[in-house]
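Database features, via TrEMBL:
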type: BINDING; residues: A:161, A:187, A:198, A:285, A:408, A:413; note: substrate binding site
type: ACT_SITE; residues: A:198; note: active site, nucleophile
């Protein structure tokens, strides 16, 4: 079972070009995984800026607490990122905090930078003490490595836990006439699998952007990418998305996130974020179909989003999709439970672009054949028009299958 | 598969005594089910009072809309209740509203009462027009039946859809020195199965209570019974809970819900409501374990309830229970995602009464044997103490198993 690859996985890892100003090193710590890398050390050139968004969980892990603190104290400067897979260092009490402190101190010393420029993430089993010496013992080796380092795919593989495929995405666009590259990797199968916490994503660009600009772009971009996906509505203790800008591209300075010269870059960044987020859904536990839920005609965009998530998180909708059943009754039910304004008699429901319910009832004699054919596919489109106003939203999810139960009912045993 | 009875079902239907002032009649309409009753007609003596609470869904069914309207217009007087199983008359547009109007008019005429004293519910498939003539054609036969009518178990069976067992509960207590009886029936397997909408529950007492008193008692009682259960977080278009008081018991008048003479009655009513609500969970689709989630030490009772539901609705917690895995990491995750105040390092988690996590980490060397034995049982107890304040809550749910997927992925096909 562990060898299965999601049927929604891309055919292969995409070609990600190197990004000037960052070097990757990967290692096996011996902590949990054999025969694969489980530690990623990323070194950034001086002057690299950083921004991050993190889990809203109130029981978040010690590494997340540290990253938030470091970003604030260091004003978004970054020299080092350390990510280990196999142990999440979450719910490890006082010892978890001490583990983080020792790892940061070792990183700052070995790589000769302020502690506030060292970022960490740990993903894997919750509640087991992490032996940080297994990580820090490898730092000198990384520091001494003057070669080109590991590639993006190796980096992506080093942070995997229950993922069935490595996730990467890239775009290159001109910024002020100079080509800049955006590359990213992610891990996470399921919005979350708290035993094997976490959704992690790291995006690096060679653009030269001040930390406040990065932060604004990231917060804007996350809304319609990582904040628009759900597998099972559960939220990890460790979810982390960080964006680094090495500043190696020789474009003129940009000091405002609203600068029109950033239009292409913004689009490229958002495309990378969306691509990575969708890959996380496509590696959702047991997923066999990728589902796009579009809601329009709501009172506000916020209302549309809540309705879209009510549909996307409904176990009854997700099991219907698993069964290739265009079950609009469950979609209507999910709209009703969202708590947002809806008028039963104004709703329109489309599946695969085909109108199947309107005027408060099923469309009389709609042609079921193309709808049934659509439901047999890998990419499912559910559209709901509330018919009230202009609010709209789009979210992505996957179906709920037997394998989700297999994976999660049997994981620890 | 359809013949399986939930492993959580009681050994048999309890002995429910007749309640003076109500008579049941059951019929087969021929609409959907063969070889069983699918229509319940309940006639109440003049003077019967009524109260109801209904789904908060904004896409609720026409019968629900009617019941709310009738209770308001008729000031809580009831003479007739008509419930059919097999067709929910939900999302049936204008025709659904007309169906309700015709059924109410026929009931009022045949049973000689105001329309506002006729209550309806329909449960079953969504989105299919209901032929109300199949119901109303049987009204004269019910009206002509001067016998004792059907019993509680027959009534409970007539309203079943995907239920695997009929649900009933009763208590008898003195009210002002006079014995009064509270009997109730319910249907629903899953908090909801919107194709086969709905959770329905009807409770009848021979107590003599004004409608406002009934209403206050019902609203109070529903909070820790039907509003404290969840199977899959989904909410039906048709959920209905009604309470009728026939006034046949010869106790002195009670005009205030806070009257101390109601203490015993309140307790009996709440016990019946809780018993019925728990039976609905025990018939949850695919349920193999009944789960009680208790949260204490929260900032407020409301916060405790939200945390309890975050745990009870978490697919990861529910699959862990299915796998007999005392997975406290997932419980901590669910607390974190609830959005309510929690301190990772103050949390205590108990399973089966055994403390397994505290001080922000697993209890070192706790004895796993009794916890594992508890998780193998039918009744699972999960307790979380936030350690912050006095807020507490208790909710009930069931595990998430392969059969839930079987039932819901394959239902219509």
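Here the Cβ of each residue, glycine as well, is placed from N, Cα and C on the backbone.
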Original post:
Which Cβ among the binding-site residues (A:161, A:198, A:408) has the fewest C-beta neighbours inside 10 Å?
Top reply: A:161
Original post:
Which residues does residue A:187 (substrate binding site) neighbour through Cβ under 8 Å, counting only same-chain ones at least six apart?
Top reply: A:85, A:123, A:156, A:159, A:160, A:161, A:163, A:166, A:167, A:198, A:199, A:200, A:201
Subject >> Residues from A:161, A:187, A:198, A:285, A:408 facing chain B - binding-site residues, CB under 8 A >> reply: A:408
Original post:
What does DSSP call residue A:187 (substrate binding site) in the simple three-state scheme?
Top reply: strand
**OP:** Could you find out if DSSP has residue A:408 (substrate binding site) as helix, strand or coil?
**Re:** helix
Original post:
Which number gives the other C-beta atoms within 10 angstroms of the C-beta of residue A:285 (substrate binding site), all protein chains shown included?
Top reply: 27
